[in-house]
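*Asks:* This is the feature table in TrEMBL:
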- B:5-288: domain 'Protein kinase' (DOMAIN)
- B:V11, B:G12, B:E13, B:G14, B:T15, B:Y16, B:A17, B:V18, B:V19, B:K34: ATP binding site (BINDING)
- B:D127: active site, proton acceptor (ACT_SITE)
Amino acid sequence: MSAQFEMQLYLSRPYLTRQQILCAQKNTIHDRRSYNRKKLLIIKFLTDLTLQLNLPRKTLETAIYYYQRYHLFNLFETELCYTVATSCLVLGCKQAETFKKANEICTLSLRLRKMSNINSEVLDAFKKRIFQIELRILESCGFDYRVNNYVHIDDYIFKFGKTYALDVNICHTAWIIAYDVLKLDLLLTVPQHIIALATLKVACKLLEKPENLCSQYEMGNTDRDLINEAYFSIINFYINAFDLCDLKDNLPSYIPPISIERFMVLKANSGPEEGLTELTESDVGSDRFLEEQRQYSVRERRYVLSTDIMRDEVEALKISGR
Amino acid sequence: MRESYSKENKVGEGTYAVVYLGTRQSDSKKIAIKEIKTSEFKDGLDMSAIREVKYLQELEHPNVIRLMDIFMAYNNLNLVLEFLPSDLEVVIKDKSVLFTQADIKSWLLMTLRGVHHCHRNFVLHRDLKPNNLLISPEGIIKVADFGLARAVPNPREILTSNVVTRWYRAPELLFGAKHYTYAVDVWSVGVIFAEMLLRVPYLPGKDDVDQMEVTFRALGTPTEKDWPSVSMFPSYNKLQIYPPPSRDELRNRFIAVSSSALNLMCGMLEMNPGNRWSTVQCLESAYFKELPSPSNPADINISSS
């Protein structure tokens, strides 16, 4: 017996520009203020979960990447976001090789949300929902496991710190800044080693230490644009949302007091704001990958990592005239 | 869009997946479709499936099975893999198949190349055994089943020692080490090498305790002299101390193999993981430079005579 399938084909695009993110979110996030407010609560919730489960920062970072990625292609619903977040953590534990039983994560998740009567029936229903979302998360990532695999921000802060013989205080400050970074969309925009470099650059500036990370780190122009994108995103966050940052409340004693003004001065001294080149609005708007909501009603959905496979498929379609 | 694969008959079923034979429509090439059973696990998508995709996406080598595609169908995750009709276990067990020293050399060389590729990409396989060394229609050995694989850990990361099928488990794992390296895979390849030469499993322990007994009786109990701090493992004190086998004893065990073949095996089956040969040392060993040359994989006849 043989069967043939009706298919949709997606090429993995693990990183998107700010405009592309906004374009995708247009379909999925109808109330941006509500999304942003909830996102901060979710980060706090996931942080509490990871702390209580004794999980490392890389697991938290992976879960937050999944949460943000999920909402690029799936509708944001306020009543569902804690369930999505729990599912992201379950999957994050698997991806970061810090495995925890789903039972343990789900029970704690329900308990942290002050749910009463957590019996086996409630737990099973919750787990069922979690596992359904798990696959949707992976689909929104295009089953691309290359992200969040070997490279995590905190690991790389210390690796770069060691390689370039940076002062321990610089690394510590960068590590605290890296926690604030999780509140931005930056994980969706640039790879984690670039974020690590950008946090180290901000830390050097804050501590008024000379830094030439960009010239030490052998990079091409693309890397420079990526670092600038990350660097200015971080500085802008501290300028635009200083009250939301954790840095001000966890300032090590060796850093002079900070304020918005301090970051404004940093920005003024950093030269013209540069970063990733955005496509025109019409180009972004005509990108079907971003414009169309995911069709889970299409029964077969295929995910590829290579543009070559995509090209081969297009050629095959032309030849067959389909 | 019309899909480019057809799914045909079921060829196997594992704990977390069902395997179907299929065809790629564009070139009628046979493929294997692994359908992951997502709903039946109490912890959701199985770790083995995640690991399989995660590491096969990173690895591309003639001696590593190729993950060709991933698709969701009827809400099930499907992995499209190249179709490999046989495996080394079947060939070793089938006594009607006759193979030569050159054939063994060829299989070992292909296995080591595949494992070396994993290691240089920072991946530990952690389940090497003849059953996971699949053979393509062209006779090429491909390392498969990455369900237990993981990235090389950071120095302080704690790992489970409950990996690798018992007969192929390195001594540090038998001792319950919480941190280990690439050396666990090299040990497994060493045991597979011996099994190819003997055509019976080399260290067939009946259970975990017996595995230690069998391993150390055959290869000698490690001592502080050749493996400093080995006695710190909790289970060490209960061990019977056996002397390592003499060179003559090994020659009797593996009749008709060259001295460099024995050197290579001893390097791979070195008790102290720190002294165990790396895949580079194995690949550069004199065994692969001396005659007979490894057989051309396509010329090895693995069908029953």
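Backbone N, Cα and C atoms are what each Cβ position is placed from, and that goes for glycine too.
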*Asks:* Cα of B:V11 (ATP binding site) to Cα of B:D127 (active site, proton acceptor): how many Å, rounded?
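*Replies:* Their Cα atoms are separated by 22 Å.
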*Asks:* Suppose the ATP site is B:V11, B:G12, B:E13, B:G14, B:T15, B:Y16, B:A17, B:V18, B:V19, B:K34. Which further residues of the same chain have a Cβ inside 8 angstroms of that site's Cβ centroid?
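*Replies:* Neighbours found: B:E35.
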*Asks:* Between the binding-site residues B:V11, B:A17, B:V19, where is the Cβ count within 10 Å the lowest?
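*Replies:* If we count Cβ atoms within 10 Å for the binding-site residues B:V11, B:A17, B:V19, the smallest count is at B:V11.
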*Asks:* Once the chains shown are all counted, how many other Cβ atoms turn up within 10 Å of the Cβ of B:D127 (active site, proton acceptor)?
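*Replies:* Other Cβ atoms within 10 Å of B:D127 (active site, proton acceptor): 23.
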*Asks:* How big is the gap, in Å, between the Cα of the residue listed as 'active site, proton acceptor' and that of B:T15 (ATP binding site), rounded to a whole number?
*Replies:* 15
*Asks:* Taking all residues of the domain 'Protein kinase' (B:5-288) together, what is their mean pLDDT?
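*Replies:* A mean pLDDT of 92 is what the model gives the domain 'Protein kinase' (B:5-288).
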*Asks:* Check the DSSP secondary structure of B:A17 (ATP binding site), expressed as helix, strand or coil.
*Replies:* strand
*Asks:* In sequence order, which same-chain residues at least six apart have a C-beta under 8 angstroms from B:E13 (ATP binding site)?
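*Replies:* Listed in sequence order: B:V19.
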*Asks:* List every residue in the same chain as B:T15 (ATP binding site), at least 6 positions away in sequence, whose Cβ is under 8 Å from its Cβ.
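*Replies:* B:D46, B:S48 - these are the non-local Cβ neighbours of B:T15 (ATP binding site), listed in sequence order.
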*Asks:* Could you state, as a whole number of Å, the largest distance between Cα atoms of any two of B:V11, B:G12, B:E13, B:G14, B:T15, B:Y16, B:A17, B:V18, B:V19, B:K34, the listed ATP binders?
*Replies:* 14
